Each structure stands twice: as structure tokens, then as C-alpha cells.
Amino acid sequence: MLKYDVIVIGGGHAGVEAAAASARLGVPTLLITLKPENLGEMSCNPAIGGIAKGTLVKEIDALDGLMGYVIDQAGIHYKMLNETRGPAVWGPRAQADRKLYKKAMYQILTNYPNLDILYGKVEDIEIKSSKIEAVILNNGSKILCQKIILTTGTFLSGLIHIGQKKIPAGRVDEEPSYGLSNTLKQIGFKLARLKTGTPPRIDGRTIDYSKTILQPGDKIPRPFSELTNIVNVSQINCFITKTTSETHDIIRENLDKSAMYSGQIEGIGPRYCPSIEDKIVRFSTKSEHRIFLEPEGLDDYTIYPNGISTSLPEDVQHKLIKTIPGLENVKVLRPGYAIEYDYVDPREISVTLETKKIAGLYLAGQINGTTGYEEAAGQGIIAGINAALAVKDQAPFMLTRANSYIGVMIDDLTTFGTIEPYRMFTSRSEYRLSLRADNSDLRLTELGMNIGVVSEKRKKIFTKKCEDIEKIKSLLNTLSLSTSKLAKMGIQVAQDGTYKTVLDLFKIPNFNVEQAIKIFPMLKETQNNNILQLLYIEAKYASYLTRQHADINLFQSEEAQFIPKNIDYFKIPSISLEIQEKLSSHKPTTIGVARRIPGITPAAITAIIIYLKTKYSDGSST
């Protein structure tokens with residue numbers, strides 16, 4: 001009988017990261033997926049990154065994950081979003097060639113040390129004494145294991161809706177999983193339904209681009225991965241069009257035929273990625289909505305019209321598309337659809353992503369209520385790391401709100417749960433100026449090195465980058481000009497007779513890296529790895545970062561105050577019954593987590609701290 005230490009079920013974005021992370025830690029790992037050609041499949045839009053999402057990708061890369069490196073082998077349109085705003089909200093993004101992305105992912109995974117891939121379907125999980133024993137395939141065979149990571153995406157009781165038509169599926173032309181849904185219910189997990197959707201795909205050869213707006217990418221693509229020196233993939237343009245009043249009229253006239261508005265769909269859809277029906281209803285005063293025409297590949301004429309996700313009947317989809325400028329004669333290749341699926345209340349997992357009910361069972365991705373490739377991948381890498389560390393009897397790896405967006409996401413999910421698809425935003429992070437995309441490796445790579453999940457190649461790159469940062473920082477502190485000379489150059493500084501270093505100049509409003517290079521041409525040679533830009537940001541926002549670091553220190557002190565697992569909140573007399581019940585239900589692991597539970601008052605936190613000091617003066621957390 002086959003036996004592996006870790007088995008990952010599902011080969012989507014969470015699954016591939018989980019499997020690779022577990023394997024990197026030297027643990028024999030098996031990835032079970034339905035189709036070999038769909039490893040890392042982009043089920044919806046052909047893009048990676050975006051605002052906050054791009055930071056997640058950079059954090060995954062910092063831990064030696066796959067997503068950033070793979071998109072650099074397949075990215076055909078790079079763009080830094082929000083670049084006119086502050087660096088805390090910059091969002092690296094890249095359109096992908098779907099075929100190149102899957103090809104690169106397949107090549108990496110099929111040659112990954114300690115990782116085997118099995119093409120099959122898991123029907124059940126065998127559990128004994130609340131511990132994982134094995135997975136059972138649909139052919140009846142059994143594979144023994146210590147840990148299981150479930151990354152089922154939209155496959156748990158998946159149901160596609162196109163108008164009144166219902167198609168049981170986890171994705172187009174792929175059957176859903178009912179067995180695992182039933183298993184989770186029998187164990188006692190709280191399952192609910194969520195919904196997501198995708199737009200129709202159209203033939204780019206039938207688009208009149210003269211009626212659209214050109215959207216070029218960045219002149220020089222900025223890679224996602226620290227392993228990528230330069231993006232060698234050919235770059236292409238995207239285009240923008242918009243809906244019209246006629247489009248809106250057709251949608252309103254057919255709302256009763258939409259699966260979403262006819263009452264046919266039970267699940268709640270993503271608030272921040274609504275269907276076109278939702279947009280017309282919720283934003284009824286808007287006369288138009290933008291649509292981004294995104295190519296799906298270099299040699300693929302399929303276009304993804306980002307902005308018109310829909311569950312309307314096929315004939316209605318055809319009508320509304322032809323009212324959009326440039327799409328009047330377009331050929332629809334595949335209809336859009338909505339899909340419903342089961343998910344588990346994420347409050348049933350710990351911050352390691354291990355379930356509280358079953359030891360050795362981990363959940364990652366949409367099964368935890370998230371939406372998006374990047375959110376799934378971020379959970380996948382953490383689940384994979386922790387499953388492998390548990391096999392090796394090593395301490396778990398936990399990211400926090402203070403050091404990563406991944407930590408923010410996991411804390412939000414495990415503390416508050418979610419009743420709608422959770423998407424990452426910069427606004428969810430209290431410390432977003434410190435948690436930028438450009439410093440992800442400086443925040444996380446050393447943590448990954450400490451547990452052994454980072455390769456030797458990445459270690460060398462990271463070590464050299466840290467050395468280069470110190471050298472360039474020293475140079476910036478050495479190069480200087482007098483205030484009088486700066487004034488002659490038109491740079492507004494106080495005429496105090498002093499000399500200003502480059503780092504001093506970076507703090508001046510509207511002074512930027514390009515000006516610094518113009519004044520000191522030798523700095524052009526230091527632009528490798530965007531180090532100069534990084535030091536510019538650190539200098540520009542130094543006072544804000546100092547204050548934020550003080551806030552982070554306070555946060556970390558509360559996170560370090562552990563609450564014993566066996567605490568009885570009903571024995572703390574000075575807090576209300578309502579709060580006692582909330583705390584007993586949530587089971588917070590630290591004072592910091594307890595403080596973030598809705599409805600928990602500062603007075604209650606003080607009472608808990610006092611109780612812990614008197615009852616558990618030895619600091620025990622067992």
C-alpha cells in the first residue's frame with residue numbers, strides 16, 4: 001500500500017504551493033489532482049497580482065514559492081497599478097499566457113524533489129481517533145498518510161449556473177466532488193455556500209479595436225520573483241471599452257432570467273468582483289462600466305472581457321455583448337457562468353491552517369472562503385510548510401499581521417470568519433506602509449531560511465541583496481551637495497550652510513530617484529534589484545515608518561501574551577456573560593487575537609490579563 005507523509009488534494013494555486021512547500025522541507029509528498037494538464041489552472045482571469053494581491057505574490061516568492069517565478073515565465077503584459085499614489089498601495093500585476101503558465105508550472109512540479117503527482121479523484125478521508133489515517137480514491141484504493149491538505153477550490157458540490165441551466169461541475173468540463181463534501185459534513189464541519197463567476201470568452205479576431213482604448217503595459221516589465229533578472233516573454237497590449245445604456249437595458253429586462261436574481265443561487269458572491277447584473281442593480285445611476293479586454297495568450301485569439309462576469313442565459317449574453325463598442329460583431333467562444341460551491345467556516349482552522357477538529361487535516365484556498373489565485377496560493381504555502389513541519393515534529397510557522405499580508409489574511413479568516421468570498425486589500429492591513437511589495441523578501445526570506453523552506457540559490461541571492469543594500473545605503477550617505485549648490489539647481493532646501501546627502505534629499509517633497517541619478521550619475525549603476533527605489537521609499541517615509549514600528553512592537557507584545565487552551569472564561573467574574581460566550585466560542589490563542597474579536601471590550605481584555613497573571617503566573621499555555 002502506498003504511503004506518504006503529506007498528501008495534497010487539488011492541483012490549483014493553493015495545492016501547487018502546498019505540495020511544493022512540503023516537498024522543499026524534505027518531506028515525501030503526494031499531490032492528487034484530476035487532470036495533469038490543469039496544474040495551476042487559471043479558472044477565471046488570465047492574470048496574477050494587482051493591488052494587495054501583488055504583495056501576496058511577492059511574499060509567496062520570498063518564501064521560495066512558485067507563483068512569482070512562474071508568472072515571470074508567462075507574463076505578457078506587466079503593469080504597476082496605483083503607481084501615482086503612495087508605495088504602500090502599489091500593486092504589481094501581470095497578464096499571463098495561460099498555456100505558458102500551465103506549461104511552466106507542470107515542468108517545475110513534475111521535476112520537484114520529494115514530490116509525486118497522482119492523477120485521480122479522492123472520494124473520502126479515513127480518520128481514526130480524530131487523526132488522519134489515509135485518503136480513499138474513487139477506485140477504492142487507499143493511500144496512507146500523516147497529513148492531508150485540502151485545496152478543493154470550487155469543486156466541493158460545485159454547481160455551474162447559466163441562466164436557468166444547472167450543470168454539476170467544479171469547473172467547465174470537470175466533475176465536482178460530492179464525496180469530500182459529505183466527509184466534511186460527517187466530521188461536523190460547518191459548511192455553507194459561496195458563489196463566484198466568470199465572463200464569456202470572445203474571439204479577438206472579431207473585435208473592432210478602433211472603437212476601444214489602448215492600454216499599454218509598463219515599458220520595462222518588473223519581475224515578480226527575486227530569481228528573475230529580466231522578463232524574456234514578448235509583451236502585448238490590452239484594450240478598454242465600456243458598457244452602454246443599451247447594455248444596461250438588456251440586463252434589466254432579463255434580470256429574472258439571471259441565476260443570481262431569480263433566487264436559483266443560494267451562495268453569496270464576491271462583493272468586490274460583482275457580476276454585470278450586480279453592477280447594474282447596485283450602481284443604477286452609473287451610465288457605463290469599464291471592460292478590460294485581456295488577451296489569454298500570445299498565440300491565442302481568446303479574449304477575456306474583464307468586467308462582465310454573468311450568469312444570464314447564453315442568448316442574452318450574446319445580445320448584451322453586441323451593444324458594447326468594438327464588440328458589435330464579436331464571436332462568443334464560451335458563455336459566462338456563475339458557480340456555487342461549499343466552503344468551511346474558517347474559524348474552524350487555526351493560524352497554521354490545521355483544522356481544530358481533526359489533527360493533521362489542513363485547509364487552504366477557496367475552501368476557507370477566499371477568492372483569488374493569490375489568496376489561495378498564500379494559504380497553500382503556509383499549509384504546506386506547517387504540515388511538513390508537523391511531520392518533522394518541529395514548531396509551527398506562523399505569519400502575523402505585523403509581518404505580512406498573508407498573516408493579515410489568515411488572522412482575518414481565523415478570527416472573524418467570512419460569509420462572502422474574502423479578497424485581500426491594502427486597507428485590511430494596519431501596517432501597510434511597512435508591508436510593501438518591494439520589501440517582501442526583506443521581511444520574510446530570512447524567516448523561511450530559518451525553517452529550511454528556502455533553496456540555496458535563493459539564499460545566495462538574498463544574502464547578496466542585503467550586502468548590496470548596505471553598500472548602496474553607505475554610498476547615499478556619502479554623496480552630498482551644499483544647500484547653496486542645491487538651490488542653484490532649483491531644489492528647495494533651507495539655506496543653512498550644511499551639506500545634504502542623497503538620503504536627506506529623498507525626504508524633500510517631489511524629489512525622486514530620477515533627480516538623484518541626474519545629480520549623481522554614478523547612482524545609475526546601483527539600480528539593480530530596485531535597491532535604490534527601496535532606499536528612497538524608506539528615507540521618504542522614515543518618520544511614518546518609525547511610528548508604525550512602535551505600533552508593531554505593541555502589537556507583538558500582545559501577540560506574545562498566550563492564553564492557555566484550558567482557560568475557563570466563565571470563571572472570570574468581571575466580564576459579561578455575552579463576552580464569556582464569545583471568548584469560549586472563538587478560543588483566542590493570544591491577547592492580541594482576543595482584542596480583535598468583535599464586541600470584546602478593553603475592560604474585558606484587562607480582566608483577562610489580570611486573571612492570567614493570578615491564575616497562570618508561571619506563564620503556562622497548556
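Using the three backbone atoms N, Cα and C, a Cβ is placed for every residue, glycine included.
DSSP assigns Gln366 (FAD binding site) to a helix. Taken from Swiss-Prot, the feature FAD binding site covers Gly10, Gly11, Gly12, His13, Ala14, Gly15, Val122, Ser177, Gln366, and the record attributes it to sequence analysis.
The NAD(+) binding site annotation in Swiss-Prot covers 269-283 and is backed by sequence analysis. Every protein chain considered, the tally of other Cβ atoms within 10 Å of the Cβ of Phe283 (NAD(+) binding site) stands at 11.
Comparing the Cα of Gly12 (FAD binding site) with the Cα of every entry in Cys273, Ser275, Phe283, these being the binding-site residues, the smallest distance points to Cys273. The most crowded of the binding-site residues listed here (Ala14, Val122, Cys273, Val281) is Ala14, judged by how many other CB atoms sit within 10 Å of its own CB.
Taking the binding-site residues Arg271, Lys279 in turn, the residue surrounded by the fewest other Cβ atoms inside 10 Å of its Cβ turns out to be Arg271. Rounded to a whole number, the C-alpha distance linking Phe283 (NAD(+) binding site) with Gln366 (FAD binding site) is 27 angstrom. Arg271 (NAD(+) binding site) falls within neither a helix nor a strand when secondary structure is assigned with DSSP, and so counts as coil. Around the Cβ of Gly10 (FAD binding site), the same chain contributes Ile32, Thr33, Leu150, Thr151, Thr152, Gly153, Phe155, Gly365, each under 8 angstroms and 6 or more positions distant in sequence. Comparing Gly269 (NAD(+) binding site) with Val122 (FAD binding site), their Cα atoms are 27 Å apart once rounded.
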